[in-house]
Amino acid sequence: MIASIFGKITFVGKRKIIVEANCISYWFNVKENHSFEKNLEKPRQVFCQIIKRMVTNQILEEGFAFNTLEEKEWFSKFIELNGIGSKTALNLLNNNLEEMRDYIKNSNYHALTKLTGSNSKVARALLALELYDRDDGGKRIKPNTAMANDYDEMFDTLKSLGYKPQDIQNALSKIEIKPNFDVSEVIAEVIKLMSFQNNEVTNKTA
């Protein structure tokens, strides 16, 4: 697998760059707040990842470039999670990665929903991300799959009661949920919040 290429950056756009290496030009997708600069004289190392996917019986390749090796590692972890594709993974890189690490480490679901490129579904997926704590000698941070499963249970329960997925996601993102929460209590609070919001909409349109 290619980890990086060494070449000249011949084009820089908002979400794409072109890197020329060994007389071949490569298109790469990049995050929106990237720091790549066009330079036709001096080559540089560009960390990258190639993703292959099947589209109408054809294998298509898509390239992604990163400012640092750390960004590449985060991206690789993101796309391994259920419900997070390459576009969402790239958008997540626009956030402060150290803050995101702390949110995941502390199971701060509410903060995760507020990240750029995130929502309730993405936040639940991030809770299951396996990290290593740099402040504790590289000790493994176990993914909080139990909490992620609890969020899935709440979402499925509310959906079975007839609430719209978008309304559920919006309500969950507005509630500050603490560790060791009671699922039934949170469901009741979400229903209360959605009912209040629906009443507000009804009153405005009346």
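Note: Cβ is positioned from N, Cα and C throughout, glycine not excepted.
Copied from Swiss-Prot, the annotated features are:
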type	residues	note
REGION	1-67	region 'Domain I'
REGION	68-141	region 'Domain II'
REGION	141-145	region 'Flexible linker'
REGION	146-206	region 'Domain III'
Mean predicted confidence [pLDDT] for the region 'Flexible linker' (141-145): 52
DSSP residue counts for the region 'Domain II' (68-141), split into helix, strand and coil: 42 helix, 6 strand, 26 coil
